[in-house]
Every structure is written in C-alpha cells, then in structure tokens.
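Asker: Annotated substrate binding site per TrEMBL: Arg34, Gln35, Ala36, Gly37, Arg38, Asp83, Tyr158, Ser213, His326, in sequence order. For 29-38, 146-162, the entry in TrEMBL reads domain 'Uroporphyrinogen decarboxylase (URO-D)'. The annotation site 'Transition state stabilizer' is assigned in TrEMBL to Asp83.
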Amino acid sequence: MTTHTPAASRTADSPFVRACRGLPVPHTPVWFMRQAGRSLPEYRKLREGIPMLESCRRPDLITEITLQPVRRHGVDAAIFFSDIMVPIAAIGVDVDIVPGTGPVVAEPVREEADLARLRDLTPADVPYVTEAVGMLTEELGTTPLIGFAGAPFTVASYLVEGGPSRSYTRTKALMHGRPDVWNALCERLSAITLSFLKVQIEAGASAIQLFDSWAGALSVRDYRRFVAPHSARVLAGLAGYDIPKIHFGVGTGHLLEAIGEVGADVVGVDWRTPLDEAVGRVGDRSVQGNLDPAILFAPESVLAEEVARILGEGKAARGHVFNLGHGVMPDTDPDMLTRTAALVHELSS
Ligand code: CP3
C-alpha cells in the first residue's frame, strides 16, 4: 500500500519533486547540502551559546534555522536542521558534537555487549522533530522539506571509532574480524534510521536523503558485502511512502553502480565524477550534484562557467537536482550561494 501524506501531495508539483521523479521541470531545481549553518551570519547569531545538539531539540530554533537559507537564497527545497547523531543521542547514547571536530562518542561501540545500548527509536523519543517538521511544512507551503538520516555505515563509523576518522581502521577491522557483530550493529542502526525517517515523513517531509557520507572509503567488494544490504533495508522500509528518496556519499565514483542498486530514486554525486558519466552508471535514476564547494571561492565568471557545464552534463539524466558535490564550507561567502541558485534558475529555464 502506498501512503500519500498531505504535505507530500502539496509539494508533488514542485520542480524539486518532479526532477527527482524524472518529470519535465520549468527550471532545474537547486538546494545545497549544509545550506543551513555556519556560512550564514544569521545562523551564527541564533546559535550563540547554544550547543549543537541542544539546538536540534528546540522546535523554534530548528524551524528558524531551516528557513533561513530558503529566504536568503531562493532554493527549491529546505533541508531539516538536525544531525545524523540526533537519533543516537535521543536513545540515550552519550554523544556530543564538538565544534570544528564533529561527533564524539564517550563510550565507543566495539563488541557484542555494547549493542544493548542501541535500542530502537520511537516517535516519543523525538517529539521536537515531529513538532518542528509540522511547523515547517505549514510555513513552507509548496516548497518541499527534505528529511534526512545518516546511513548505517556512516553512523556506525562514528560509534565504532568514537569520533571522526580518516582511515576507519577500527570500523573495517570490526566488519572483517567480527562480521556477526558488525551486521548486528548495522541491523540495529538501520531500524533506528528507518524509525527516524518515518517520524519526519509522517510529520510532513516531502522527500528524504540518506547520507552515507563516508562510504567512499570502502572497496566495491566491501561496500556490497557489508554496507549495501543495510542501506537497502532502510530504503525498502520506506517503499510504502510515495516520496523521493535520495542517497549520497562522498568519493563514491567507484561505487556508483552499487549505490544505484540500493534502491533510491536519486543518487548524489560528488564533484570527482562528471554527471554525464555518473548517469550511465546509476541506472534509471535521477542524479543530484555536483559543483565542487571550492568553486564558491573562485571568481564569479568561473562559477558561471561551472554551473553551465554541470547543467549541460545533467541533461543526460532522467532528472537533475542541482547541488554541491558535498556540504557548504563554513567560510563560504553566502552571496555566492545566492548567485549560484540564481544562475541555475536563469541558465536552465
Ligand atoms: O543544512 C543542512 O544540510 C542541514 C543540517 C545538517 C547538519 N548535519 C547540521 C550540522 C545535515 C544534513 C547534517 C548531516 C551530517 N552530520 C553528516 C552528513 C552530511 C555530510 O556533510 O556529509 C555528517 C557526516 C554529520 C556529522 C557532523 N556533524 C559533522 C562532520 C559536523 C561538522 C563538525 C564541524 O564543526 O566542522 C557536524 C556538526 C554540524 N552538523 C554542524 C551543522 C550546521 C556544525 C555545527 C555548528 O554550527 O556548530
């Protein structure tokens, strides 16, 4: 059975949702990963003195921060202000988001006994998410709200390493050394992820993005064996909802076929792979991307050329959602993001 939520019906004709579905659009839709955040002075002002995870539990702050980039840049979608570690914190795991570092987990998950700390999430654990999504969908009207979660591998990497990592040594050692514990960990994480995404969809999100940001660190063989089945379980759990599902990772050029098979409608591509090449590899899906976030620091004439090139390459796709190849860097001049959104609209209509 397919569920059509009221918010999803309201945004079904938006350029963003149509491009995700591969339908004709009046212009190429655009939004930016990390569009809400430190590049905006109005964000920095609002967050002053409030720790990251606390700001993710306050519906008034979530709503305002989510809307800031929509007002300022005229993007075609909002992304819910939260973090991939919010559901983990909500079930009682001691995690902090340290400014300039990222998520830090007090007691890493490394053996079977540690799994008991990862119970499933219920809507009652995250009432602030339901409330904020409800407020946002009212405010946004026909502009879609993208809900999101971290994919099991990327969240597991923080839990196992205890924080950010360059090499994912302990994570890889666990998946190879104790595949039973690894799979049990990822089964728990896929249940939590699925529950968290359902809360956002039931409350009114019009699309979701599953971030497997660090999957690019894996070989195709390991990705298929240890990661893809768990992400696929999350997406399969959402099959009943008639909303677009986006799947994204960084440095995944070698994984695009495998990522395409996980079951999303849209595959996010970073700047390392040209979109027209990605299109041939992800199967019958739309693509999202893929401006190098560093180009926002180059002269505007360079930006215009890059936007035009990417729009041209995106024409090969069933549908194209313009985005960066990864998140906005904190010291980006926000006017360059506004200019990018305008250029995408101008050059594609
Ligand atoms: O605008 C948006 O994209 C919505 C909000 C969003 C945040 N985190 C807010 C945030 C989203 C979609 C995320 C996802 C997220 N969080 C990912 C996947 C996306 C990606 O970039 O690959 C990952 C890996 C995380 C974990 C995480 N949280 C990191 C690596 C960091 C950065 C640490 C730092 O200080 O550089 C965070 C913190 C974080 N999440 C911030 C924001 C706005 C910065 C915190 C602050 O403003 O103090």
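Backbone N, Cα and C atoms are what each Cβ position is placed from, and that goes for glycine too.
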Asker: Is it possible to get the count of other C-beta atoms within 10 angstroms of the C-beta of Arg38 (substrate binding site)?
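Answerer: Summing over all protein chains shown, Arg38 (substrate binding site) has 15 other Cβ atoms within 10 Å.
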Asker: Taking Arg34, Gln35, Ala36, Gly37, Arg38, Asp83, Tyr158, Ser213, His326 as the record's substrate-binding set, what's the max Cα pairwise distance in Å, rounded to a whole number?
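Answerer: Looking at Arg34, Gln35, Ala36, Gly37, Arg38, Asp83, Tyr158, Ser213, His326 as a set, their Cα atoms extend up to 23 Å apart.
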Asker: State the three-class DSSP label for Ala36 (substrate binding site), counting H, G and I as helix, E and B as strand, and everything else as coil.
Answerer: coil
Asker: If you count, for each of the binding-site residues Arg34, His326, the other Cβ atoms lying within 10 Å of its Cβ, which residue has the minimum?
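Answerer: Arg34, out of the binding-site residues Arg34, His326, has the fewest neighbouring Cβ atoms within 10 Å.
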Asker: Give the subset of the recorded positions Arg34, Asp83, Tyr158 lying near ligand 1, defined as CB under 6 A from any of its atoms.
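Answerer: Cβ under 6 Å from ligand 1: Arg34, Asp83.
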Asker: With DSSP assignments reduced to helix, strand and coil, which class does Tyr158 (substrate binding site) get?
Answerer: helix
Asker: What whole-number Å value do you get for the CA-CA distance of Asp83 (site 'Transition state stabilizer') and His326 (substrate binding site)?
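Answerer: Cα of Asp83 (site 'Transition state stabilizer') to Cα of His326 (substrate binding site) measures 15 Å after rounding.
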